[in-house]
Amino acid sequence: MGNGNSREAKESRRSRLRHKLQKFRIHRRHLRSSRNSAGMVIQRTVSAEDFSGIALLTLIGAEMKFKDKWLACVSFGEQTFRTEISDTTQKPIWNSEKKLLLEKNGPSLARVSVFETNRVARNKIIGYCELDIFDFVVQEPESTCKSFNLLDPTSSNVVGSIFLSCAIEDPVETERRFAKRILSIVDYNEDGQLSFSEFSDLIKAFGNLVAANKKEELFKAADLNGDGVVTIDELAALLALQQEQEPIINNCPVCGEALQVSDKLNAMIHMTLCFDEGTGNQVMTGGFLTDRQASYGWMFKLSEWTHLSTYDVGLNTGSSASYIVVIDRKSKRLVEELIDSKIVLSMRAIYQSKIGLRLMDQGAKEILQRLSEKQGKKMSSVESAQKIPRFLEFFKDQINMAEVKYPLQHFKTFNEFFIRELKPGARPIACMNRNDVAVCAADCRLMAFQSVEDSTRFWIKGKKFSIRGLLGKNVNPNAFLDGSLVIFRLAPQDYHRFHVPVSGVIEQFVDVSGSLYTVNPIAVNSKYCNVFTENKRTVAIISTAEFGKVAFVAIGATMVGSINFVRKEGEHVKKGDELGYFSFGGSTVICVFEKDAIGIDNDLLVNSGRSLETLVSVGMQLGVSTRTFARSTLI
């Protein structure tokens, strides 16, 4: 009797699964009817934000204004790919392609950069364009090839055109192609369908013991017409349904890699790309983080050959390499921050060694102080204006002069240019009518932590760092102990005016004397140096209704001439209002919130947890008051 009940239960499960598969196949047929012969959706009702799938981006060629050897790079999310170098020509042809993963709430903005490669020292970016891959999802392309203007990174002048195509493979087609490739592994007689024996071998390859014990049940459920074999469509429906309900694939049947069962989309994409035979076009070389790194050429061929990861993100990167990689919040792609290699070697020698810091204690601090003051005066001289064009050239693709309030000839000294104002509206303020939403205080590289403990674990390595030490002796630190901490690091190329992150009243300004160490991550990540608690700084306390008190700490750094505030004690300020500016040099602002006063945006916390700085602009959302939310739930 027990065996009978077992058989009935098994038949019942099989019947339910078969019924679900039939409904699933009807839904798939409906979706397939909306595709053309190329597998593209003709009428897309899905929104870009909800779409997940694969985009095949092909860089066909370009038309430039002079002859050279050219290469192109595509940056998308945390990956960058590059083409081969063309022959010397004005019209390079690459025909290079790469499959990009589109995820819900993932990156969608791709940046294509074109470099000239005739220089021995470093390839030079000539032009770039940005395109939203999701535009190809919601719009039917008018032709297989589109032309985009290439813009000069500094002037936004058109310097050429690039020709590319982007084909979006909808999820149903991806499932079917995936099933076809999966089926081919064990289709021993190559008849395009699976017998029970072949199906059993496939289930074994998936590495799921539970599924292997139910292979007969799964086979009968998949074989909807009862002809004793499973077709491509039947297998696709089974795999799609099971991956949604009870995943049966634990290991990739191609490479054997263990798959994350919780990440169904990436598991399918991983296996799809493992099976990929390509289209015959040249596949772009990957393994890079930024377009600048990808453009270096021969170094990366060597690094790939030796299977070494030359570039990476995180804490060790910032403290030990001649570059800093940050993630752009807007485009969700990685970008490289330029630092002169000689400066990097000097900073490492000083800040990453006990000997260097001992020199600091024996008078080098005073030398840095005098050097910074001297350099500040020099940058305020009329002669210093001659340095502006060279500065713009060095940071060619990182300063947008179209945003600047005045034309270049307006600036009579380098410092006037350094503290340049922006045009009204250049930095929109998030949720302007909501005082419970805090915003970013500067154009900067940002690190955010819900607690001081997190900040010292992931980023600040100075042994003596504390909130009490940061605020100085003349500010009562009790309200801020165990509070949230946000670090806004401004690089030389950034807009150097800082703004109010919250609306409230400025209670007081307190000057704290100190040294002028660099605020570069090379120093911040040093266990021998206490940058934030030893540098010259000014503390502003802002009293708010939504966040309680907020400490706004403006910290000077090497080469910073002065910290200037444009507001006064007792003045009411709105978030986004200009609060002050730094003269020439790198500099940092730190905001400290009271404990449990703010819920910092998750993407900022996730990046900071990876020791990865986020590139943000003034006015971007920083977080939301938790106290306002708590009050609203009590009412």
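Here the Cβ of each residue, glycine as well, is placed from N, Cα and C on the backbone.
Binding of Ca(2+) 2 is attributed by Swiss-Prot to Asp223, Asn225, Asp227, and the same site annotation extends, among Glu216, Glu234, to Glu234. Geometry remark: Asp187 (Ca(2+) 1 binding site) versus Asn225 (Ca(2+) 2 binding site), CA distance 19 Å.
Neighbouring residues of the recorded Ca(2+) 2 site, listed in sequence order and excluding Asp223, Asn225, Asp227, Glu234, comprise Ala222, Leu224, Gly226, Gly228, Val229, Val230, Thr231 (Cβ within 8 Å of the Cβ centroid).
Of all the binding-site residues listed here (Asp187, Asp191, Asp223, Glu234), it is Asp191 whose C-beta has the fewest other C-beta atoms within 10 angstroms.
Geometry remark: Asp191 (Ca(2+) 1 binding site) versus Glu234 (Ca(2+) 2 binding site), CA distance 15 Å. Each residue in Leu183, Val186, Tyr188, Glu190, Gly192, Leu194, Ser195, Val229 lies on the same chain as Asp187, Asn189, Asp191, Gln193, Glu198 and has a C-beta within 8 Å of the C-beta centroid of that Ca(2+) 1 site, without being one of the site residues. For the recorded positions Asn189, Glu198, Ser587, a Cα to Cα distance of within 10 angstroms from Asp223 (Ca(2+) 2 binding site) holds for none.
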